[in-house]
Structure formats: structure tokens, C-alpha cells
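Database features (TrEMBL):
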ACT_SITE  Y151  active site, proton donor
ACT_SITE  F437  active site, proton acceptor
BINDING   V110, T111, V112, R118, R119, G120, L121, A122, R123  acetyl-CoA binding site
DOMAIN    23-179  domain 'N-acetyltransferase'
Amino acid sequence: MTSNFLSLPADSTSQQALADQGLRYDTVASDDAAAMRAWLDADMRGFHSATASAALIEHELATITGNRVTGIWDARTAQPEVPVATVSSWPMPLTVAPQQTIDGWAISSVTVSPTHRRRGLARNLLLGELRTAVAHGCAIAMLTVTQATIYGRFGFGPAAFSSAYTVDTQRAVWSGPVPTGALSFVSQEVALDIGPAIKERVRLQTPGEVPVQQLWWKETLGLSPSSPADSHEQLRVVCYSNENGDNDGLVVYRVESSDDHSSATLELVELIAATPAAYAALWRFVLEMDPITVVKATRRAVVEPLTWQVLDSRSVRKTDERDHLWLRILDVERVLASRAYAAAGALVLDVVDPDGFATGTYRLTTDANGTGSVERVDGAAAELRVGIAELSSLLLGGLRAETLASAGRIAELVPGAALAFDRVFASATVPRLSTWF
Ligand SMILES: CC(=O)SCCNC(=O)CCNC(=O)[C@H](O)C(C)(C)COP(=O)(O)OP(=O)(O)OC[C@H]1O[C@@H](n2cnc3c(N)ncnc32)[C@H](O)[C@@H]1OP(=O)(O)O
């Protein structure tokens, strides 16, 4: 790992390829305020966001401070100081198994101006990022995406999925555990104080999670300029403390009542539970609140214990399920050795990577304690042939190799190899990413 990722130069291969098109590709110095603002302008325009207020610009500048900020400039444009493409990145730990993390290279703000689309700018940005990640010593890259069609070609595969739920509270009827800890309302300011420690515990327990910054908390609690206008006033926060007084969970919600207040919809902004008791207590609390008739939640896990904690499981309706966290393995040996496994076994994988970072044949050996060791065995007979995007999708155990084999996305070279892979890679905790980055 290089000591300072911010001082890494712009990738020379992309720089040359873009220079051949008359474009300049470079990083932006964080102390160059004018260049940072122009970059941010291009980033927000690239996502078709409204022109930002001064307060929002300051907020957004704060969110990217500390990131490696890169752009592409075209001297022929009418405003040549504004880049025509943007990307930002930073090293960030990714939980790969409970209490096990690996340093990943997070990539965000990938935009290309509509005036410059489909000329290979995004390709140069992305491959430039992957090479920079390797130069920094990161073994895996990660991102969250706008469209599911963009990143597979660069070796990324979806590895953690997310679901939205709508619960009909009148049908649900709580039948789960009734924890004996205490529930209490807390102010947003108190939540800002106690929430991060709870979220950290959840992050380390859950494959797919990454740390969130204080700015995320401010946005979540309606304390940021990027929060909707009246969200601070509308949001309520309830904390669950266990019998020893430890704060184990938080729920952040807002309620929209009908005109006559006889019914209401509760929007679950966040439900963060570090223990099964906190989870049950907070879900029960929102489902039984008067006069709530509907609870809506997004960015939840694709499998939620909640479905099994109500009398009528059909009252918990999954309204959406989609890819959320995308991973791109760059170094198979280091990444596979970074997580614990579910069973003892030995697998030889033939990994195909069109961009060459991870191509090779690898033997993963796991023992009964879940420890894995990986060695490169080029030339050995492989049992499974996997593309790098598919291996990245399978890493956290949220997707079955058998599913990908049935879909023709990976090839069993030995019958039963996909099932053997699934036995080893299974995750006891459903992988989930509860935030965007
Ligand atoms: C991590 C994140 O930040 S997610 C955010 C992604 N950005 C956005 O959604 C903002 C709006 N969109 C954009 O800015 C641009 O359209 C981008 C970044 C998606 C693509 O930029 P471009 O410079 O046009 O892409 P580029 O020309 O490099 O295309 C590379 C390849 O991806 C394909 N591609 C690019 N965009 C898309 C897309 N939206 N859907 C499907 N394929 C795409 C191209 O056809 C090309 O394919 P090829 O390699 O087979 O020839």
C-alpha cells in the first residue's frame, strides 16, 4: 500500500490515449479551490442535478475533500476550465466476512458530459482507476451504480443486492421475539452522538458494508444542506438499549398522515440494529405504532428476518430487488485469502480477466476453521472457469455459483464444481450495503 494515495499521478496509459484525442486527463489538487469547484460543477451536471446553492456546493466540496479527484478537459470547449468527464476515488475497507475486511478502492462520480459521450472517455477513466488502485496496492475495486449495464465490461460484478419493502401493518401482526430492553426517543443531535458506534458494529458484522462518514449521518438525520428542506423537523429517532443499558439499535423515520389522521405511512429512513433483539424491538415498534397503516423501507437486505416475525408473511411485500454493491477483484490471491469460509475444501479456479489484472489458475484450500489459503497454479487442471466479473459477484456469498452455472455465465469443468464452490463460499449473513458511495 503506498502511503499517500492522493499523490499518485494520473495514470499514464489513459493520459496518452486521451491526449491522442486532444484531451487532458489529470488529477485536481485539493487546495486548488477554483479547479475543485469547476470539477464539482461538471460532476453535478453529469448526474443531471439541479444547479446547486452556495451551501450545497460547500457541503459537496466537503464530501469530496480527501478523495482523489480526476477529470478530463477539452481545450476546445467554450468553458475549457470545466472538465468534460469526472471520477473520484479513495481507499476504503470493505467487509468481506464477519469481522474481516479488505482495503478496497472506492470509485465514484463517474460522469462524461453528454457532449462527449461514447468516445471512450469512461473506459479511460475506469481503466485508469483500476491501474491506479493496483499502484496503490488495493486488491479490489468497488462502486455503486446508476445503471446495471455499464460496469460489467470493466470486470465489475454485483455482489450485494438490496430490496425495498412495503408492510401492511394491519395484516402483519407481530409474532417475533419481544425483547426486554428499552425504547426511547432521542434528538437528532443525540443520534449523531450514539449512532456511529452502532453502525460500526453492523458494518463489521455484514459482508458488503463500508464505513460511513459523519456527513452521511448528517444527511440521514436531516442536518445537512443536501437533506430535503423540512426533513430535520419531520424526522424522529428512536433508540433501543439492551438490559445493560448498551445502545444496540436506532430507527430513523418520518410519518405522513392522512388529512383526518386516521391512517399514516411511515417511511423508514434507517433501521440499524447491531443485535437480533434490537432488530426485533425496532421493527415491532414501527409496525405497532398508531395509526400507522403502511411502513415503507428501502435499501434493506434481500432476505429480512422480519418476514418470519409476523403472522401474515404476505403483509411484508418486497417491492424491489436490485444490484447495489459492485466489486472488481484485481488480485485473486489476496482477495480470496482475505475472507473466512463456510467449509473445508479445495477448488481450482480458472479465472478469465479480459483486462489482464487477474487472469490465472488459482487453488483455494479451506480448512474446517474457515481459513483459506490461495496459490497460483497455472497449468493445473481447473474445476471451474469463471470470468473476473462473475468471481467478483460470488465473493461475498450472496449469489450462488450454481445459479451462474445454470445461466451459462460460468463453466463447470468438473461436474459438481459449482455446488462445491457454494458450500465453501456460503455466507451466514446476507451480504448487504446500506449506503451509496
Ligand atoms: C460509480 C458511478 O459513479 S455510477 C455513475 C455513472 N454515471 C452516470 O450515470 C452519469 C450519466 N452517464 C454518463 O456520464 C456516461 O454516459 C457514462 C459515464 C455512463 C458513459 O460514458 P462514455 O464516455 O459515453 O462511455 P465510453 O464511451 O467510455 O463507453 C465504454 C463502453 O461502455 C458502453 N456504455 C457506456 N455507457 C453505457 C450505458 N449507460 N449503458 C450501456 N453501455 C454503456 C459503451 O457502449 C462502450 O462499450 P464498448 O466498450 O463495447 O464499446
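Numbering starts at 1 and runs along the chain as displayed.
Every residue gets a Cβ built from N, Cα and C, even glycine.
Annotations in TrEMBL come from automatic prediction, not curation.
Fair warning: this is a prediction, and the values are worked out from it, not measured in the lab.
Sequence features annotated in TrEMBL and their locations in the structure.
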| residue | record | CB count, 10 Å |
| --- | --- | --- |
| V110 | acetyl-CoA binding site | 23 |
| V112 | acetyl-CoA binding site | 23 |
| R119 | acetyl-CoA binding site | 15 |
| L121 | acetyl-CoA binding site | 26 |
| R123 | acetyl-CoA binding site | 15 |
| Y151 | active site, proton donor | 23 |
| F437 | active site, proton acceptor | 20 |
Q.
With the Cβ atom as the reference point and anything under 6 Å counting, tell me which of the recorded positions (V110, L121, F437) are near ligand 1.
A. V110, L121
Q. Which state, by DSSP, holds F437 (active site, proton acceptor): helix, strand or coil?
A. coil
Q. How big is the gap, in Å, between the Cα of R119 (acetyl-CoA binding site) and that of Y151 (active site, proton donor), rounded to a whole number?
A. 16
Q.
Could you check which of the recorded positions V110, V112, L121, R123, Y151 is the closest Cα neighbour of F437 (active site, proton acceptor)?
A. V110
Q | In three-state DSSP terms, the structure that R123 (acetyl-CoA binding site) belongs to | A | helix
Q.
Please report the distance from the Cα of Y151 (active site, proton donor) to the Cα of R123 (acetyl-CoA binding site), rounded to the nearest angstrom.
A. 10
Q.
Same chain, not part of V110, T111, V112, R118, R119, G120, L121, A122, R123: whose C-beta falls within 8 angstroms of the C-beta centre of the acetyl-CoA site? Give them in sequence order.
A. A85, H116, R117, N124, L125
